[in-house]
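Structure first, commentary second.
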Number of protein chains: 6
Amino acid sequence: MPSNDQRFCPADSSQVPRYAGPVSFFRLPQIDDPARVDVAVVGVPWDGGTTNRPGARHGPREVRAQSMMIRPYHHVTRRSPYDVCRVADLGDSPVNPVDLEDSLRRIESFQAALHAAGAAPLSVGGDHLVTLPVLRAIARDAPVGLVQFDAHSDINDVYFGGSRFTHGTVFRRAIEEGLVDPQRTIQIGIRGSRYSPKGGDFAAETGIRVLTIEDVFEIGVAGIVAEVHRVVGSAPAYLTFDVDALDPVYAPGTGTPEVGGMTTHMAQAVVRGLGGLDLVGADVVEVAPPFDVNGATALVGATLAFEILCVLAEARARTRPSG
Amino acid sequence: MPSNDQRFCPADSSQVPRYAGPVSFFRLPQIDDPARVDVAVVGVPWDGGTTNRPGARHGPREVRAQSMMIRPYHHVTRRSPYDVCRVADLGDSPVNPVDLEDSLRRIESFQAALHAAGAAPLSVGGDHLVTLPVLRAIARDAPVGLVQFDAHSDINDVYFGGSRFTHGTVFRRAIEEGLVDPQRTIQIGIRGSRYSPKGGDFAAETGIRVLTIEDVFEIGVAGIVAEVHRVVGSAPAYLTFDVDALDPVYAPGTGTPEVGGMTTHMAQAVVRGLGGLDLVGADVVEVAPPFDVNGATALVGATLAFEILCVLAEARARTRPSG
Amino acid sequence: MPSNDQRFCPADSSQVPRYAGPVSFFRLPQIDDPARVDVAVVGVPWDGGTTNRPGARHGPREVRAQSMMIRPYHHVTRRSPYDVCRVADLGDSPVNPVDLEDSLRRIESFQAALHAAGAAPLSVGGDHLVTLPVLRAIARDAPVGLVQFDAHSDINDVYFGGSRFTHGTVFRRAIEEGLVDPQRTIQIGIRGSRYSPKGGDFAAETGIRVLTIEDVFEIGVAGIVAEVHRVVGSAPAYLTFDVDALDPVYAPGTGTPEVGGMTTHMAQAVVRGLGGLDLVGADVVEVAPPFDVNGATALVGATLAFEILCVLAEARARTRPSG
Amino acid sequence: MPSNDQRFCPADSSQVPRYAGPVSFFRLPQIDDPARVDVAVVGVPWDGGTTNRPGARHGPREVRAQSMMIRPYHHVTRRSPYDVCRVADLGDSPVNPVDLEDSLRRIESFQAALHAAGAAPLSVGGDHLVTLPVLRAIARDAPVGLVQFDAHSDINDVYFGGSRFTHGTVFRRAIEEGLVDPQRTIQIGIRGSRYSPKGGDFAAETGIRVLTIEDVFEIGVAGIVAEVHRVVGSAPAYLTFDVDALDPVYAPGTGTPEVGGMTTHMAQAVVRGLGGLDLVGADVVEVAPPFDVNGATALVGATLAFEILCVLAEARARTRPSG
Amino acid sequence: MPSNDQRFCPADSSQVPRYAGPVSFFRLPQIDDPARVDVAVVGVPWDGGTTNRPGARHGPREVRAQSMMIRPYHHVTRRSPYDVCRVADLGDSPVNPVDLEDSLRRIESFQAALHAAGAAPLSVGGDHLVTLPVLRAIARDAPVGLVQFDAHSDINDVYFGGSRFTHGTVFRRAIEEGLVDPQRTIQIGIRGSRYSPKGGDFAAETGIRVLTIEDVFEIGVAGIVAEVHRVVGSAPAYLTFDVDALDPVYAPGTGTPEVGGMTTHMAQAVVRGLGGLDLVGADVVEVAPPFDVNGATALVGATLAFEILCVLAEARARTRPSG
Amino acid sequence: MPSNDQRFCPADSSQVPRYAGPVSFFRLPQIDDPARVDVAVVGVPWDGGTTNRPGARHGPREVRAQSMMIRPYHHVTRRSPYDVCRVADLGDSPVNPVDLEDSLRRIESFQAALHAAGAAPLSVGGDHLVTLPVLRAIARDAPVGLVQFDAHSDINDVYFGGSRFTHGTVFRRAIEEGLVDPQRTIQIGIRGSRYSPKGGDFAAETGIRVLTIEDVFEIGVAGIVAEVHRVVGSAPAYLTFDVDALDPVYAPGTGTPEVGGMTTHMAQAVVRGLGGLDLVGADVVEVAPPFDVNGATALVGATLAFEILCVLAEARARTRPSG
């Protein structure tokens, strides 16, 4: 880290109990200026793209609360993201709960300010549609690769007779807008009954690599990690983690649970294996606290956000211009 | 009731247990043709006008499920609405969870069909904005009087920098559109902290009669009933019951709870006292099951819907053209 | 209390925390011999008479657990039932969860043994049908008066095409069997929609005094107490408390909640006013823990059981043959 | 499918949101005439055979509600049961919550009508005793093979001193009555502490093949599928899925949870492997909503019911007389 | 307010939704310097004085989260505390969850710093023992009057064989230490069973005025307000609100619930009537989120804290030295 | 078993339903004299060593309640601990919820009495600090080996600036006091973020064998069992099971959940493999019911306690002096 930069540290839980003190992501300082950080952890409290059960707008608050449980050093790598990058809680994105288009604009504008300041976003949703304005902010110039943990491909075309912007159509839109390169896209954990036998045609046509849950259990953590690296390569990539990729026992608090998913242990191990990717941003979405049980899904979301932060910070540390 | 009409009866709970059989409002038959009924009980599963906690879109399903507990005869009047009117479950209104304007159109169109067929609607929301398209469908020709049970006046002008259609602005819009006569409007149970000291100016300027919760406890059931009759008079009127009028212990499952509200016993007694009004429709809104506790709020919503159905059916029976 | 008798005392909560130690009713000793007590507190873990939502079989365990919160002295009277009577936890009645008739026999037999030993029962149910075998055990010789707190009269004739023994028919059976004197019976809190307009005919024909919830709020605690004394008089009487007499906010954990009921404060005050009755037994029924919220209804049940124990013990102390 | 038959389709979730519209199994039409279908999905809302925690009577309603989440096409096979069979929701079986024998008769009679009309039943319980009257209706003429997913063998002889009909004795009775061929019976997932060291003697004597949970984890999905085919063969067979076969984290809402069970992913895969069996009926039992958590077990029950429906419909399509 | 002072305002909920943005008491700014405020709202996340059910240590976080629902203007007075005083969120007091004496010292030291800076504390507990170190910080020089809302007098001498510092002994200690004037002390809402018949002797001997719950319902809001003014007078006083003063339906999330308490409406009205007292500080204690239901008790605590803030700010505005 | 000893048997669940009858560990008799048993099952209702979320003080009561589900014979071994040892419920240890040091003394004294009588303890906590006074009671003379299932090593030095006795420092203290031999200590399931990169230095320096969760999934049940035997050997050993070793989906009701842990099936199998160890005592700790979901964690705790009881009883039977 450049010597003239301030490093941000979480509050020390062995001094201040983890249930006390200001609530922020990972107990990090809350600041307003994105130019002071390499990675900006932010909330996107909006669920206006939800076609089924709402509530993900409450995700950022509960993930923040549960993230107070996370200590700074990873137990396997023995490294801390705060040792290699400046990381802080940059607050919540502006949103408009009663206006979808206005919300997409507000989120994009907020994310664009982070991007302009050189801060890579780690966003906590919100429903999956919030990934679209994030990508509009950071991938306008060149499409990024995509690592998508999800039960659903989210590549439907329209809902309800013509609505094009929903959490179930987000990656078709992102590909159409040239924000995501489908040939450098991999989806992990896809499962669940479908609207039609042709559900995956768009994936096949565009070259998206789909790992169904059957593939996941068959090739295992090492196989998945290898396949992600093969598909995504070394060019810039974005990681999006929809908690419904996990089995509903790990993530009951989500809008569209699908029985028979990944374990958290497996998801953690896969994320940990992505250290070499050139990640330019990431998100954890679809934590819906009204359907959660005692904060369990929010804790899972916070734990995965920490795993992701570890690999994102390492990627940022490698690519950051030296001070 | 005209002798050539079919009467609809709830399933008999002393034969089929109340936890069994098809789920419909009050165990009534589910039919599609509004011309066959005097009162149409319908769901409006939409909460896109919610500025705070969502979930009222799930209201119709849970109120239906809890309404299976309600038997046909009122324990005080010893009368049944099904003895004086044809009543059935006409299903859910079409909605679009990701498009506010499209939803307002769909709801209005569905309600207009009921209205054209001569069926008075008893709608179960959904957030309070759903009352607007209902009123557009039934009060286009002449403004109606309004009996509003609510913690909030819902007469703000805009939210979030310009959004005019929300559950907190619905009655300002309805008055502006000439659907509701403010001088024949009474609000019951208003309370809770406010955005500004001028919160009630619109009410004062337009002549809305506001009974705060302090008024409610001071004048009591008889006083409230008398005041409603004085304000609303004998012309056509609409009754809207936002469950947050009740104290949160009775209605925890709602989007914007306000501590210190009415009891259900008091609310039931007031509704029962409105038998003489010329009601042309009614609704129960803001039941938000994701925040509910074991269906308690949905049961309260169902019980109040039955109280309202009793007075609405009596009103319809008086005004219906003889067969 | 006769000088040669052993007095049973609850464990001391200022020494052993109330969340610790053996779980028994009111922290009383658990004994097997009814001859050693004046009042036997017992559980009847059975709900085979339930026509709607089951779970009251779990009532005794949860009421026991919550009763650990109750200290020995009443805060108004400054008296303790344990100072005037020998009271202990006599365990649970035998039951058969898959055989209604066998259960009625087992419960009656267990209660008859208490009765033969001179112990007055304070039973915790269980659904309301369990009151029938209790009455068979203690009122075979002469009908007793009845003080019934309840939302429902429980005097229907048959259910489901011919079933005569249910929690909704129990007091018609008890009257038919000569166990209860209907002219010395008073029901308090009756409300809720009904199957037919004739719901109360049996009550009117037999002379049961019915206080609807409207009566309850109109005449108040003093009025109810006076009416109970007038109706029941000084002959032997039985008190039965169905927790659905209370509003569902106080007793959500019950099988057939009815919106708009009594407050616990009112119920406590009425029970406290019944000190002069010649109570020969009592019960608290219809606590259904699977529908409860954090033990709230069980705590209410335990608190009311303590209020009842106070008046029952005073009655027993007056009528017990001197040692 | 014969060309002159009507095919039933679920409501389209991309048009009507899944939280809206009439509640039925898989959003299928609700009809009364079993002659119009090949497979009848029905509820059996009864739990009178429960020896421990009740509540399975509420299973059909909650499984129906959660089944609204299931879309028509299977994500692995890309096939839909509605393309090969006529399937509808035939409603709930009559039951009597206070009379065990009457309930067994009512259930058998209802199922016999389905059987006579040529409709194969997919029943949703209810406790496991409901499988007995189903088998009486469809296997009177010749015993069927049995594929039983379960934590418990349910082959005890009597409970509570002589009760022969309970959910823990159902398959001993079915074998004694000649409804099930023990040598073509396989039990999957058996575990949990036992009443005596001889718990499995009846299984051993009659030739039931028992796969304990240890066997399950040792031989895996492929091993289990092979063993089922070996034991059951190609003659008519019945599939019964007690959700307590699953680990309690997947199915907390059940009467007798046993720690350390199957995962849903494994259960789904095994069911999917049973496509070649000659299934004549199936059920999913012991979903007990009062002990469930936010509908999780009901969603698991619905998802497994869909997996079962897929194999049952394929079996029916093979054996149905051509039109 | 002195013209050279900065006024702190809550975030505007009509701009930023109430579920979004940084979590602080009433959406106020979080600052560190007590010299900048007249009233310091602080958390005391500690429950080491709890004799029964723990969890009040989590109170500050949840009350903060629910206080985001409270808008700035009071609906009856139409006044805002932020218009008359500088108010901010000063964070949480240091505590030590495993050391009682160390915690008392840390809390006192933190409060003493507020006091030295001229900031009146509005503390959110934490169990009731936290009031002791607060009083030690602000009432060392002269005893204060005390307005105590509570189900329990909290004047026991010792627990568990000799422990003198618990939430059940706090006001005996405060009186013994000369921090509270018992003759200017009034307790409101006292009820619940007692350890001994002599429970109130200390109150009687020292001159504490006790309003039992029976007194509360008998004399009503106006009577209570008058009695508080009569007892406490115009000298400095402290207000402490234990949420168990309320009936458990309003405040289930507390350590020692007592059935049959005050309504929130009544409590709000009484607090509102205390405007003329010379309040020097206040607290809301015993909110125990692990026993709460969907944040209901925390919302009640936040709402009462706002009522208290309104009267405390008015008192501070009167007594503050002019700028 | 010596012929002159009384054997204790659980109540028979096929006679008395498992939801009925006195609540004790495994339905065993509750006795006071430890000399009458070989294994004493006891509760330690205390959580004063908790640094984060409290509630484990309620563990014994809830584990007792759920243990009523456990039958006497193990389904794999077909053996019962009650056939080889005298086992009973010896009640709860004395504790002092407001005094840490007094509690450690009381627990040690209680355990010392068990030890002096020759009864091996199976204790149910309580937080993990309760293991310290147990070890002081039974390992004063010679250090024992330790098998620790846990997410956390619990070998920190101090918390909160100097507190040496907490649930996070317990095994450093036990090793320092010579109660545990670190070279015969194995920790299983360690994971989760850490306070510093040096978190495990004490383990490395003293020779503790640490199996992280990654090790656990890599070497599997057989590997773990072998490693435990290798490390612990045949000398006396103690087994301690912190339920947070399990993934939070299996044990949500605990103070410091860590995502990504063991399954119950795996934990059961490992415990079952430890039959040959010379166990002198064991405990199950950190079940915190206020954070639990419908008793799930308590049932898991009870099930694991039974697995442990089976191996502990076998060990006691081998080493007990013959009668």
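Backbone N, Cα and C atoms are what each Cβ position is placed from, and that goes for glycine too.
Here the structure is a predicted model, which means the values were calculated and not measured.
Cross-referencing B:His128, B:His229, B:His265 against the Mn(2+) binding annotation in TrEMBL, which names B:Asp150, B:His152, B:Asp154, B:Asp242, B:Asp244, picks out B:His128. Each residue in B:Gln148, B:Ala151, B:Ser153, B:His167, B:Gly168, B:Ala245, B:Thr256, B:Val285, B:Glu286 lies on the same chain as B:His128, B:Asp150, B:His152, B:Asp154, B:Asp242, B:Asp244 and has a C-beta within 8 Å of the C-beta centroid of that Mn(2+) site, without being one of the site residues. Same-chain residues at least 6 positions away in sequence with a Cβ under 8 Å from that of B:His128 (Mn(2+) binding site) are, in sequence order, B:Gly49, B:Asp150, B:Asp154, B:His167, B:Gly168, B:Val170, B:Thr240, B:Asp242, B:Val285, B:Glu286.
Neighbour density around each Cβ, counted as other Cβ atoms within 10 Å, peaks among the binding-site residues B:His152, B:Asp242 at B:Asp242. B:Asp244 (Mn(2+) binding site): 28 other CB atoms within 10 A of its CB, across all protein chains. Other Cβ atoms within 10 Å of the Cβ of B:Asp154 (Mn(2+) binding site) number 23 in total over all chains. In the three-state DSSP scheme, B:His152 (Mn(2+) binding site) is classed as coil.
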